[in-house]
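Taken straight from TrEMBL:
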SIGNAL    1-24  signal peptide
DOMAIN    21-215  domain 'GH16'
ACT_SITE  E101  active site, nucleophile
ACT_SITE  E105  active site, proton donor
CARBOHYD  N109  N-linked glycosylation site
Amino acid sequence: MATSWLSVLLLVSIVFSCFLAASAGDFYQEFDLAWGDKRAEILNGGRLLTLSLDKASGSGFRSKREYLFGRIDMQIKLVSGNSAGTVTAFYLSSEGPNHDEIDFEFLGNLSGDPYIVHTNVYSQGKGDREQQFYLWFDPTKNFHTYSIIWSPQGITFMVDNIPIRVFNNEESIGVPFPKNQPMKVYSSLWDADEWATRGGLVKTDWSKAPFKAYYKNFNAYSWNSVGTDVWRTQALDATGRRWLRWAQKYHMVYNYCADLKRFPHGRPRECRRSRFL
């Protein structure tokens, strides 16, 4: 009998955890508080990190290490209440004008309205590959796990181990793909009320500040660290593909590949090649 996709995922995660226990959530060891003065804090002996945003400044952190392929997990509890105008970003990025980047951005909203998860992939300084989803739960009540699985073959975005997006390596048809630049892990909480909520129509309500996001249980599974090719051959099986179709059918609210007004002369090449982007 074929092993289920979720079972394989769990087994591989257990194997990696044996090698990388030091990367299992000690924020003092794994991250630097990059900006925001005292608005970023590490608490509970390194097991919890908080970011804060007020009218004067947001805040952010970055990893001490760089990664070239692997899996990155973070449990995050997003800004609660009226979070309109705020953006909580969790992403991988290299440096320089021709940088590579793999993004989760969580766009705040009015109380009671769903968060939008904005995803994007940059290669050699060029992005414009956005997909957006409504979350199917309240991400402010509890911690949820957001994951990026990055291999030479593709990138998978996951929420609580459910794949919501796959971006395949299509270099064979001339589509740039991030594969040569090691990247650090970043997160930031900042004000983007010129565009974040309903295209900028809803502004940040500073009377609700400070806005806070919470982080715990960071894990990084790097191929280079364990010397294994397991992620190089890891792909979604039938169960994973069903979850992906479910997320894209019922929760996707924007797909650049379907934005014909944006691309009047034809969709990007990768959009014509793959069902799952």
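Note that Cβ sites are derived from N, Cα and C of the backbone, with glycine treated the same way.
Those TrEMBL annotations? Automatic predictions, nothing curated.
Summarising model confidence by region, the domain 'GH16' (21-215) averages a pLDDT of 94. A Cα-Cα distance of 25 Å separates the residue listed as 'N-linked glycosylation site' from the residue listed as 'active site, nucleophile'. Counted within 10 Å of its Cβ, the other Cβ atoms near the residue listed as 'active site, nucleophile' come to 19, all protein chains included. On its own chain, the residue listed as 'active site, proton donor' has V87, T88, A89, F90, Y91, V117, H118, T119, N120 as residues at least 6 apart in sequence with a Cβ closer than 8 Å to its own Cβ.
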